[in-house]
Amino acid sequence: MQRRPLVAGNWKMHGSRESVGQLLRALKHGCERLETAELAVFPPFVFLQQCEEALMRTQISWGAQDVSEFERGAYTGEVSAAMLRDFHCRYVIVGHSERRQRHGETNEQVAAKVRAALRCGIRPIICVGETEKQRNANQTLSVIKEQLAVVLQMNDNLASLEGMVVAYEPIWAIGTGKNATPSQAEEVHAALRDQLHRQDATLAESTRLLYGGSVKPDNAAALFEMPNIDGALVGGASLEAEQFLKIGQQCNQSF
């Protein structure tokens, strides 16, 4: 099964109305050269409408950086999947390491957010990854498999999981300038693919696996050569249109 590669740009808590407008204009101008790879941007919540209005007639998708596990109610500061659907979000990032570490999100909460997104027809990008301490203790595979296992257990309707994306983001490589080598990343991606295959062969073949960890134009091409890497979750480089588009072009050429 041919999986369409995806390059997702997580803007985190960056941007202003003006800078977002400039970035969107540059991305719209440059994305026409991409024939195979899909680009998606993930702005802060307050810029979702701006992205929707700018990108609705382009080939660029958009989504949110988080979603509530709850449908509605007295949850101050939360944003529901139904609200994201109102802005035609195609994707939502769940379980990012910054949410897990700084906000104490558990595997069970991440799985509940996945379920909430799927119920509203939004494709979750499920982040998994290990700390440097866990890597040094040779716990990488056990950690990421447990993170994904909880999602699969709490969302056991396999048909509903079609369209989900899994992003491996080694925590020790995020915002540090470090990055996993292509072979290190491929080892984890192959393990994730095998775990999915044990659950369901069709699910394993259709699920896109992204690498996220200081992805830049100078290391992206080598990552995309790996058989189980279907794209990237890009942080800082996604805030610069030229860099983000170059990563997209490298992804486009590799598939």
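Glycine too: its Cβ is placed from the backbone N, Cα and C atoms.
Just one of G21, G30, G175, G248 is listed by Swiss-Prot for the same substrate site as N10, W11, K12, S214, G235, G236, and that one is G175. Scoring each of the recorded positions (K12, H96) by how many neighbouring Cβ atoms lie within 10 Å, the top position goes to H96. Note: G235 (substrate binding site) has non-local neighbours N10, K12, I174, G175, G212, S214, V215, i.e. same-chain residues 6+ apart with C-beta under 8 A of its own C-beta. Proximity note: of the listed recorded positions (W11, H96, G236), H96 have a CA within 10 Å of the CA of E169 (active site, proton acceptor), given in sequence order.
Apart from the site residues N10, W11, K12, G175, S214, G235, G236, the chain places the Cβ of I174, V234, A237, S238, L239 no farther than 8 Å from the centroid of the site's Cβ atoms, the recorded substrate location.
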